[in-house]
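Here's the structure, in structure tokens; my notes come after.
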Amino acid sequence: MAAGGLSRSERKAAERVRRLREEQQRERLRQVSRILRKAAAERSAEEGRLLAESADLVTELQGRSRRREGLKRRQEEVCDDPEELRGKVRELASAVRNAKYLVVYTGAGISTAASIPDYRGPNGVWTLLQKGRSVSAADLSEAEPTLTHMSITRLHEQKLVQHVVSQNCDGLHLRSGLPRTAISELHGNMYIEVCTSCVPNREYVRVFDVTERTALHRHQTGRTCHKCGTQLRDTIVHFGERGTLGQPLNWEAATEAASRADTILCLGSSLKVLKKYPRLWCMTKPPSRRPKLYIVNLQWTPKDDWAALKLHGKCDDVMRLLMAELGLEIPAYSRWQDPIFSLATPLRAGEEGSHSRKSLCRSREEAPPGDRGAPLSSAPILGGWFGRGCTKRTKRKKVT
């Protein structure tokens, strides 16, 4: 035994005492928790005495309860009543008219009307997986631009919106007719694969989801560049990755737009990811010089306290009212006029079997030769950019 130290038996005895105290503390915590769940009138004198002697534990448990309730409220969807929503839309319309430089930030909530599930909503992919429920969705290539997508395109045509920054990978902004220069798809586009060996990078727009074989840190699609023969890669930025491609991420334009914006409209985004991008929020500017923020979302967002106005409503409902208030007609989406067909690079001979995803057709009756895609149906989400997100969340759930 070292001088002044404890013997082995003394250390073991001290450890037993420590564990006993911890167990006694846990048991006391359980007792106090059970008592706090009772109404005050139902508590016995002995229970009242125990609470009085355990003030620190009572404070800790009450704090935990408040935090749980707060998190629960944040996940709830709240809808403004129709009259209140119309009043807020009138205020939003005034802001849109008076904005000198309006930038729109969009999230998964603008595509739920196209049958593409979001992640964090009450019926979102991660929410359902956390509840142990299965997740299914229709073929994502069957999705079409929603009323919100088409409204944004019209607002850009009317020079009321200068730029769109999107978290979505579904390509619906591109397919709505919004110019490539007006979009920053920060997390990629499921229809675009690129050759990073060519300078500048050579893009290939396809009429099918190119991400069937790709995953986190594994981006090769199985096809090669028509010019240099290098393996093509998808453009998706998965959770845990940092996007490095110039296009379609277009970070340079997003940063420039944010720096010039005097108004930002957030549509259908939880902002839990976008809030982590300081360049989008002009945080280096004094508060008085930052853009005014307008948020459309049914749930709480971490930017609510900074918003000039929060509208609790579905994106399509709000945009329908907004366009009416602005006196603008919402263009109907036309599959025949979808820009993706003029932008797309056809597969070369021998590449037809390089994917099994359903290809887009100009009409639903038309099917390209060799297309092995299944008809529109609700089925488990497997593979691709969306399926990988589901798989990753499932793995996290098992670990925790």
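Using the three backbone atoms N, Cα and C, a Cβ is placed for every residue, glycine included.
According to Swiss-Prot, the feature compositional bias 'Basic and acidic residues' maps to 8-27.
For 82-329, the entry in Swiss-Prot reads domain 'Deacetylase sirtuin-type'.
Of all Cβ atoms in the shown protein chains, 16 besides its own fall within 10 Å of the Cβ of S115 (NAD(+) binding site). Look at Swiss-Prot and you will find 107-126, 167-170, 268-270, 297-299, C315 tagged as NAD(+) binding site, backed by similarity to another entry.
Here Swiss-Prot flags H187 as active site, proton acceptor, drawing on experimental evidence. Sequence-distant contacts of H187 (active site, proton acceptor), defined as residues of its own chain at least six apart whose C-beta falls under 8 angstroms from its C-beta, comprise S166, Q167, N168, C169, I236, V237, G243, L249.
The Zn(2+) binding site annotation in Swiss-Prot covers C195, C198, C225, C228. The 10 Å shell around the Cβ of C198 (Zn(2+) binding site) contains 14 further Cβ atoms across the protein chains shown.
The separation of C195 (Zn(2+) binding site) from S111 (NAD(+) binding site), Cα to Cα, is 28 Å. Break the compositional bias 'Basic and acidic residues' (8-27) down by DSSP state and the numbers are 20 helix, 0 strand, 0 coil.
Cβ atoms within 8 Å of the centroid of the Cβ atoms of C195, C198, C225, C228 (the Zn(2+) site) belong to the same-chain residues T196, S197, N201, R202, H226, K227, G229, T230, L232, site residues excluded. Note: the CA-CA distance between G107 (NAD(+) binding site) and C195 (Zn(2+) binding site) rounds to 27 Å.
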